[in-house]
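Just dropping this structure here.
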């Protein structure tokens, strides 16, 4: 419960609440007016696709092609699914900067969650792919943190470091740090394999496995994570520890040694 | 005790209790003789002379905390299921070594603190030894009669590295296990016997179930035992040789100026132990070291990025990372040069600095004792060599952390690796040339200071309009200090014919020595220090500004 | 020595008396002027300052005592699992912080007190001590050499060659016993490094779910880790076996596979490579799905998984061994044999 309340202050929490409220209202409406249920849903869906298509034409088509078929500047989006859109656009990686480095970094998000959902609906309509996960899928209920740790060390730590602090890949590419990443986005990344990250589809890493990994990350890499020994020093291992030992350990001791060996102030006759 | 003893002390009447105890000990150990020589022993005051004490004290701290840790640590690789208080590892399979380290960290009150003090002190110990060694090197304190003590110190540094390595491998966590795996791969690369060595060390195939127990006895018994012996020998020699000192008024090669052991240095050095312990304890209270719980238990099929050893092994990590993958197959055998060459350069890097004192004494041919320290600038070639060596070492350290450099400075890991490959050869040469030039520049400045006085910062306008800066003449103390160093003359090849007119054959080693000597002390390598004549000419000619 | 002992007349003004400043020598201006005169500290001349120093030292020792009391109190009072938030350290163990700080303060104050005492109240007169040459005088050396010659002669070691030679022989041989004793440290390598648990018909089991894999489970761009069927985490030799048998499975569009043998040994583009780096044995698995490069996190050896896993960067000496796989009657992925070459780091006998 603590974790849920902590997430209440998350920037996207308001959006999630709004969406849930909308869904609830919509559901209630559908319940009250059973006659038009299927039709209304269909209309809403096709409306979202239309909106998404417009957004796509403006923001994405120049690289990914007018129909999402891909160009030399961007891969095909047919079949990547709504989850990929929600991840890429929801973390600000897309739209990519014009002069892109080795990989598209996490940036400020330019679309609202409603717009992202419309874009996702449009891309999903191009070909079947993973859907945006629900809270039930990535939430903390029923997760085994220890199992998640083992899975994380087997599947993720080689790139993202043992507590998700990130690491280097070839030629300037890198696996980003996982601090403060929305659980939903972690789930989507595992599902869709953004950029150079391999995907971990449900057949390889089951839904429960993904839930466990997210719970583990929440336990070892969040603002509330306990570091019993004190300063975490970046969680990077011996390099930062060595630097700390030299600068603060030996530095302090040399300062003390200077004091011990220095001459005491002399009395000066004025 | 014997009756004579009691009667003796009674017969002495009312001697204080302390004196009676001392008498008792003197009758058996002869302590008065020892105390006569050492109680008022003189130690010079300089902060850089306390770096060795930092090492000594952190060594003692490591032993004290290490003994405590052995009370709780189980050096066993039996697999157990964890059911302690750290939640994210509940139910995980791990070795007893790992689970007992978790127990120390989470369930023993103060256990985490002692673990952290032990590990922080180890890092400070090695860093202290490095800096201490560099102080000795750059001031020429390794010269006769202290060459053996230099070697003792060097051995302590190397053994310290391996004690550290075996120590951080004990918890059997994912990071240290990766390091042990690296060591196994390195051993396998040794031609002919590598595979056998590996099987003997690990009791079979890697990882097996033996290495923690074996490393344990090496870590807590074998290596510290040897180190303790070396430390005692090192200290005895320090006392026996008496400490070196910097040049200055009243300080000669025949004396040592400072404060007596009793009471000043007992208080200062004794107090310094507590200061070192206090600082390390405070660091252990505020900063985590080696959080094995975050790394998880070792499994040979798991790994984390950023897998580095502790800093003192970092240069070997750099060597292995930047080496190209050379491998030669012939007659059904494999020569793994990509691993074996770094494995061979690893001791070479260390030996390069260890043998330096012997090379220098061979070049100078100087058989005298030296107790006055050099200023680094006055031994430009030595200083340049030392800086080149440090450059080498630090370039390799960069190589050892290339992935973290890449992520933190947004660089390509491949580019950093190439940089290190080139800098490995170019860096030391550049550092050598630049350092030598800086040293010579500083020598020139010293010479100017002696001859023309100190720049006072006061600008004076002469009657004809010229502006000059007023130079203040130096005091006699300063003049002496700046001219106290000796300058060697480059060696010459002796006459090519002997006294009978027969042509003498010049040995290759002699030619080499002369060449080196020219490089060390030739015109390009030192600025002749001001002579009395030069000084008198200038001071009498210009008068005082 | 207490500060009260310092006589009144030892004021700085009078210090010239025991100073030895020689005037600049006419003959040698660079001559050693000798030890400069001792100057008094404030504490030496001002009893109030000395008293202040005394109080400071006593205060430091008292703080140390209080800190030790604090240490014991913290040990007793704070539960071992209590967590506190301390800026900027974060959520840390209250006990570790309290014990470390109190211990640090108690030790540091003892040291600081002692040093302050030495610096301000003990004598700071610099004293000279003579050095003596380490080398022994010639007469001592002559005596030792003569004694040694006598001893050597009396032992008759030089004359009775048989004794000398057999003694050296015995001394040289006996350490061999110690070497022989080391033999049982481990078994001989034989060909243990050449074989893994993989053999024909062994199913590829997903590390994560512990279920055998089907081709349809493995999507293009995904990354899967597998172990041989029958190897369980609780097994006694799990660690040793997984150290050789760990497998990394990726799926590449068959058109993108450049190496012919790789394609042959794959199943519809599903390729299985050893996860153990051929450099020094780290589990390599930083798979970049767009470039098909796999990077080792330890030493950055880079392998191209679309081209027979050949080395394209870094210190590894040869390609990752590939496991030949197929599909059995029930539609599961299976191994078609063991690795054809030894996995992991190269060694002398590898060939």
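Just so it is clear, glycine is given a Cβ too, placed from its N, Cα and C backbone atoms.
TrEMBL lists these features:
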BINDING   A:60, A:63, A:64  heme c 1 binding site
BINDING   A:156, A:159, A:160  heme c 2 binding site
DOMAIN    A:47-127  domain 'Cytochrome c'
DOMAIN    A:143-221  domain 'Cytochrome c'
TRANSMEM  A:243-262  transmembrane segment
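Describe the structural context of these features.
The secondary structure of residue A:60 (heme c 1 binding site), as reduced to three states from DSSP, is coil rather than helix or strand.
Taking the Cβ of residue A:156 (heme c 2 binding site) as reference, residues of its chain lying under 8 Å away and at least six apart in sequence are, in sequence order, A:164, A:213.
Across the domain 'Cytochrome c' (A:47-127), mean pLDDT in this model comes to 86.
Applying DSSP to the domain 'Cytochrome c' (A:143-221) sorts its residues as follows: 42 helix, 5 strand, 32 coil.
Among residues of the same chain six or more beyond the transmembrane segment (A:243-262), those with a C-beta under 8 A of the stretch's C-beta atoms are 233.
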What does the DSSP secondary structure composition of the domain 'Cytochrome c' (A:47-127) look like, as residue counts for helix, strand and coil?
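Summed by class, the stretch gives 41 helix, 2 strand, 38 coil.
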What same-chain residues, at least 6 away in sequence, bring their CB to under 8 Å of the CB of residue A:63 (heme c 1 binding site)?
A:71, A:73, A:74, A:95, A:96
From the Cα of residue A:159 (heme c 2 binding site) across to the Cα of residue A:64 (heme c 1 binding site), what is the distance in angstrom?
28
Just to confirm: which same-chain residues, 6+ apart in sequence, have a Cβ under 8 Å from the Cβ of residue A:60 (heme c 1 binding site)?
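Listed in sequence order, they are A:68, A:74, A:77, A:94, A:95, A:119.
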Which of the binding-site residues A:60, A:63, A:64, A:156, A:159, A:160 have a Cβ less than 8 Å from any Cβ in chain B?
A:159, A:160
Listing the binding-site residues A:60, A:63, A:156, which lie under 8 Å (Cβ to Cβ) from chain C?
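Contact set vs C: none.
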What is the total of other Cβ atoms whose distance to the Cβ of residue A:160 (heme c 2 binding site) is within 10 Å?
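Here the count is 25.
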From the centroid of the CB atoms of A:60, A:63, A:64, the recorded heme c 1 site, which same-chain residues not already listed sit within 8 A by their CB, in sequence order?
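Close Cβ neighbours, site residues excluded: A:56, A:59, A:61, A:62, A:65, A:68, A:70, A:71, A:73, A:74, A:77, A:94, A:95.
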Have a look at the binding-site residues (A:64, A:159) and report the one with the fewest Cβ neighbours inside 10 Å.
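Taking A:64, A:159 as the binding-site residues, the minimal 10 Å Cβ count falls on A:64.
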